[in-house]
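Report on one structure; see the data block that follows.
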Amino acid sequence: MDMLEMALNIAKDIEKSVKPLIGWEKSNEVVKIGADGTPTKRIDLIAENVAINSIEKVCSAILISEEIGFKRIGKNKPEYVIVLDPVDGTYNSLKDIPFYSAAVAIGRIDKFTDNLEELINNLKMKDLEVGVVRNIATGDTYYAEKGKGAHFLRKGEKKSISISNSSNLKDSSIGLFAHDISIDTLKFIKDRRFRRIRLFGSIALEMCYVAKGALDAFINVNETTRLCDIAAGYVIIKEAGGVVTDKNGQEVNLDLDVNSKVSVICSNEMLHKKLVGIFGNRWRIKPTNFGIISRIDNEESIEVADNVIKYLDSKGIKYELDSSTYDALKNRLTKKCDIISNIEEISHMISIGGDGTVLRASKMIEGNEIPMICINMGTVGFLTEFNKDEIFSAIDSIICGNYKVEKRTKLMGFAKLSDGKQHILNDSLNEVVITTKNPAKMMHFEVYIDGSLVEDVRADGIIVSTPNGSTAYSLSSGGPIIEPTVEGFVIVPICPFKLSSRPLVVNANSEIKIKLLKKSTYVVIDGNTEFEAKKGDEIILRKSESNAYFVKGDNFYNKLKKLSLM
């Protein structure tokens, strides 16, 4: 008997045993804790025992199942490894909701050893060649054999199936696993970035719906999807032309271990990139092309930049330099090097210096979603995540895809001038400062939040800071320290006249308006003078539509500790 016929027969036998149990009160009894650590209901155990009997009649095999763990079946040398979920969607079956399935995946055992654990450790999900998922309630069957495509069988009628060609999330139907739902998933639902969403309660069947194009994608971004849940569906989707990865775009290839768990995104290639971009570390699946920007007035920084270039050369990784860094290094370069001309071709930006260099890098990135690897060549460096001795290990982690990216909020805005014109401001990673042109000359502002007058301020200036900038000029002016991932802004008067003029923290979705009631001022963004504002002008600020992205390194609170010791 070939593997496909065997898998089809196992699924049929499970259906015959389970259908009479629907509605039986004892089906819902918990009889033990399964090998995967979850409660085993009586209906699960009966279905698994039926599968074992079905296998024993035709072959010797290694069975991997949620209830039993793994078990050697038969007296002869095992020929096959069988991954089984006897009832996927147990709750649905117990409540007679007609969406539950038997899922069977089979692979060959080419090299046998009497040590079962060693045998299992040498096998991966990619070794599975056959997948069968049968809807126990309806008899609808999905199946695939490696290299032979995916098929759907209903009442004896067979047809080939393939994934959808949807490329637009707004037009897509998404299947979702909602247990322990993540904040990212809730935001995805709230923002309605898709046409419709469905929660069915049987992962194996939902994956088959993706395989035949009834769903455009299935998502579980939590690390809770188990081997037995997805093994059969994995084979079927792959044969239907789909992509199965974790949330970060890394191909799913689990060990054949009942305790193996992973996040899952299943879809076509076009949607897959967009879904990884929403839920995962999208840069793991981008080609690595580093941009390098360095502090150029510091010999040690230039030396580190030179060493980074040599290291990337040794790894065969492409890189480009910003123009000033190129000028500082051109006499040391041993091979031709490109200057950054199209920032969109850069996948990661390496910043070598202090916070000022990071701000230069952020300005160069211009809102593109490019993560920064920030190397500290100064003292504390709140914007820099790595010390100079960590740079090579950081690069290695990025090449391997073993890193995390932290998103930081930026400010955007414009000046509404008294003559009716507008001046668009550059985005700010740290702060926007409105300051007097002449030292020790007090200014007069009105501060509005979402259209409501909050305070009349007399001060030497005013700072509107992002959380990222709360440890910079804002902190020196008496503002609070805000953890960089917090979504908010802080408004800080500089040397205010009234004791009651205190820093104010506002929601990141607020619109902040500062009206100049007298005297001309400078508007300074991240340390660079933007333009001169005059009496009657209004500076309007809000959350930027783009963010800054930092490859995570040193813990923020470790930096605070260093600051307290200085």
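Each Cβ is built from the backbone N, Cα and C atoms, and glycine gets one as well.
Curation plays no part in TrEMBL annotations; they are all automatic predictions.
Listed by TrEMBL as binding Mg(2+) are Asp85, Asp88, Asp229; the candidate from Glu66, Glu67, Glu223, Glu239 that the record includes in that site is Glu66. Tyr473 (NAD(+) binding site) sits 53 Å from Asp229 (Mg(2+) binding site), taking the Cα positions as reference. Of the recorded residues, Asp355 (NAD(+) binding site) and Asp229 (Mg(2+) binding site) place their C-alpha atoms 47 Å from one another. Comparing the Cα of Leu475 (NAD(+) binding site) with the Cα of every entry in Glu66, Asp85, Asp88, Asp229, these being the binding-site residues, the smallest distance points to Asp229. A gap of 51 Å separates the Cα atoms of Asp88 (Mg(2+) binding site) and Thr471 (NAD(+) binding site). Separating the Cα atoms of Asn528 (NAD(+) binding site) and Asp229 (Mg(2+) binding site) is a whole-number distance of 55 Å. Cβ neighbours within 10 Å of Arg360 (NAD(+) binding site), excluding its own Cβ and spanning all shown chains: 21. According to DSSP, Asp88 (Mg(2+) binding site) sits within a strand segment.
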